[in-house]
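Trainee: Positions annotated as domain 'G-protein coupled receptors family 1 profile' by TrEMBL: 22-273. The transmembrane segment annotation in TrEMBL covers 6-29, 41-59, 79-101, 121-145, 181-206, 218-241, 253-275.
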Amino acid sequence: LENYQFWIAFPFCVMYIVAVTGNVTILHIIRIDHTLHEPMYLFLALLATTDLVLSTSTQPKMLAILWFHHRKIEYHVCLIQVFFIHAFSSVESGVLMAMALDRYVAICFPLRHSSILTTSVVIKLGAAVMVRGLLWVSPFCFMISRMPFCPNKVIPQSYCEHMAVLKLVCADTRINRGYGLFVAFSVVGFDIIVISVSYVMILRAVLRLPSGEARLKAFGTCASHVCVILAFYIPALFTFLTHRFGHHVPRVVHIMFANVYLLVPPMLNPIIYGVRTKQIRDRVSRGVCRKDP
C-alpha cells in the first residue's frame with residue numbers, strides 16, 4: 001500500500017493522539033482523586049502506563065515511515081523496540097489477569113475485598129507482572145544480537161517484532177523459535193487460563209444472586225474489562241498465529257493487524273473505562289484539572 005501510506009498515516013496519528021490523551025487523563029484522574037486509590041484503579045493506572053509505553057514504542061517511528069519515508073532503523077534501536085514491544089505486551093497481559101482476579105474477589109468475596117487485596121498485595125502483584133515481562137523477554141534480544149544476519153535486512157512491516165527480525169537471520173533459529181513459543185504459551189496461556197477461571201467463578205456467583213437488578217449490576221462491573229480483554233487478545237493472537245502458521249494470509253492483512261494490535265487497545269482502553277466506569281466518567285465531566293476542595 002505504498003501509494004496510500006501518506007493517507008493511512010492520518011487515522012494512525014489520530015488513534016495515537018487519542019491513546020496518549022486518554023491514558024494520560026486516566027493517570028491524572030487516579031493521581032489527584034484519592035477515592036480512586038483502590039485495587040481496580042491502581043491496576044487501571046498500570047494498564048494506562050503500559051499502553052503509553054506500547055503505543056509510543058512504535059507509533060512515532062511508524063508515522064515517520066508513512067509520512068517522511070524514514071524507513072531505516074538503527075540495529076540497536078531495533079532490538080530496543082523488540083524488547084519494549086514484547087516486554088510490555090507481556091505486562092499488559094499480566095495486568096488484565098490481575099484485573100480479572102480483582103473482579104473475582106470483588107464479586108465473590110465483597111466483604112473481604114479490602115482485606116484480601118490490600119495496597120501491599122496490589123503493589124507486589126504489579127511488580128511481579130512487571131518483572132515477569134522484563135525477565136522473560138530479555139533473552140530475545142540477547143539471542144538475536146549474537147546471530148548473523150543475511151544481506152537482505154528488510155522487515156516487511158512498520159516496526160521490529162521478534163519473529164520479523166528472526167526471519168532475517170542466516171543461521172539455525174529453532175532455539176529462538178522454541179523459546180518464543182515457550183514465552184507465548186507460558187505468559188499468555190497462563191494469563192488466559194486464570195482470566196477464564198476467574199470469569200467462570202464470577203458467572204457462577206452472579207447467577208446465584210437473588211435479584212435481577214443485582215445480577216445486572218454485577219455484569220455491568222465486568223463488561224468493560226471483558227471488552228478490554230477481547231480488544232487485546234484477539235488481534236494479538238491473530239498476529240502471533242499468522243507469523244508462524246498463516247503462510248497463506250495476504251501480507252497486507254497481516255501487516256494491518258500487526259499495526260492494529262499495538263495501537264487499537266491503547267486507544268480503546270481509556271475510552272471503554274471512561275464510558276463504563278462511573279467514578280472516572282463523573283470526574284471527567286467535572287473537569288480533570290480541578291481538584292476536590
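Here the Cβ of each residue, glycine as well, is placed from N, Cα and C on the backbone.
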Trainee: Are there residues at least six beyond either end of the transmembrane segment (218-241) with Cβ under 8 Å to its Cβ atoms? List them, or say none.
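Mentor: Sequence-remote neighbours of the transmembrane segment (218-241) are 47, 89, 92-93, 96, 99-100, 103, 106-107, 184, 188, 192, 195, 199, 202, 205-206, 209, 254, 257-258, 260-261, 264-265, 268-269, 272-273, 275-277.
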Trainee: Mind pulling out the one from 6-29, 41-59, 181-206 with the most Cβ pairs under 8 angstroms to the transmembrane segment (253-275)?
Mentor: 6-29
Trainee: Six or more residues beyond either end and a Cβ under 8 Å away: which residues meet both conditions relative to the transmembrane segment (181-206)?
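Mentor: Contacts of the transmembrane segment (181-206) (Cβ under 8 Å, skipping residues fewer than 6 from its ends): 86, 90, 93-94, 96-97, 100-101, 103-104, 107-108, 132-133, 136-137, 140, 215, 218-219, 222, 226, 229, 233, 236-237, 240, 244.
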Trainee: Mean pLDDT for the domain 'G-protein coupled receptors family 1 profile' (22-273), as a whole number?
Mentor: 87
